[in-house]
Amino acid sequence: MDKMKKLANGLEMPRLGLGVWRVNDDDATNSVKWAISNGYQLIDTAAVYKNEEGVGEGIRQAGVNRGDLFITTKLWNADQGYESAHQAFNDSLERLGLDYVDLYLIHWPVEGKFNDSWRAMEEIYENGRAKAIGVSNFHQHHIEELMTTAKIKPMVNQIELHPTLTQVQLRDFLSKEDIAIEAWSPLGQGKILQNETLVEIGQKYDKTAAQVIIRWHLQSDIIVIPKSVHENRIKENFDVFDFELSEEDMNQIDSLNINERLGADPDNFDF
Ligand code: NAD
């Protein structure tokens, strides 16, 4: 399995990274440092996580070449709009202590605003300060609306996706459009790790349920960013490149889908 996925603009994005939602600055610093020293290159943060400074500190403490890392952050809802998106991006870079990010995402599809936000993001991309730009929590119709004014198609859509919410229809659309799919809450926020099917499949390969789920994402061509603040779990979650789930096991995991959302529906959010 290739550890990198080529985005539509040719940029290589790591298929497996670390998420840091609901992680404070100090924990973010440690988690990022541990992740990088265990082989991670992709780190997923957001302005609203309020830990960009901690993430930046972890990057510096890890002491690797910036070019070997892939840093994602996101534009928060309150900052959407043309001018405010530019300002929010500058603020994120400053907090991170970086002069570019690898991927900048619109966090949620704020109606009436995301087209203007995108115009700012296209300029940020053209100036080389984000190596790729994309969206998050966009349904098909949001992407279609974005494309009525966009010059550049989003390269990534980061969506809630796990074995109990497999998003088959949206994934089909995104694949046809050559928009890479990235899963948030890929482990179902830890709530599906006791699932018997996943545990049993893991036993066959001498792997944990978390590793089975991460491998299922990877074999489904989904970029995946499990979160943990514990070094042993961060390590465990990256130890997934030495086994391959059979087609039968992949199908069994697919069949766990019950369209269960843990987060808000992008058509109905109030934040
Ligand atoms: P997740 O699905 O990654 O689950 C994380 C939880 O699973 C941990 O808190 C821990 O309880 C458990 N866990 C992790 N590894 C484990 C292991 N090896 N063994 C046992 N338990 C383990 O949840 P998440 O944090 O919601 O999602 C991952 C990342 O996705 C976030 O940190 C964030 O970066 C991103 N995200 C983005 C959005 C968005 O709107 N774009 C929304 C939510 C999350």
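Just so you know, the numbers here start at 1 and follow the chain as drawn.
Cβ atoms are placed via backbone N, Cα and C, with glycine included.
Marked as active site, proton donor by TrEMBL: Tyr49. The substrate binding site feature in TrEMBL is assigned to His107. Per TrEMBL, the feature domain 'NADP-dependent oxidoreductase' maps to 16-257. The annotation site 'Lowers pKa of active site Tyr' is assigned in TrEMBL to Lys74.
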Mean per-residue pLDDT computed across the domain 'NADP-dependent oxidoreductase' (16-257): 98
Any idea what the Cα distance is from Lys74 (site 'Lowers pKa of active site Tyr') over to the residue listed as 'substrate binding site', rounded to a whole Å? 5
If H, G and I count as helix, E and B as strand, and all else as coil, what does DSSP give for His107 (substrate binding site)? coil
Least surrounded among the recorded positions, given as Lys74, His107, when other CB atoms within 10 Å are counted: His107
Do you know offhand how many angstrom separate His107 (substrate binding site) and Tyr49 (active site, proton donor) by C-alpha? 11
Once near-sequence residues are set aside, which residues in the chain of Tyr49 (active site, proton donor), 6 or more away, have Cβ atoms under 8 Å from its Cβ? Val20, Trp21, Arg22, Val23, Ala28
If H, G and I count as helix, E and B as strand, and all else as coil, what does DSSP give for the residue listed as 'active site, proton donor'? helix
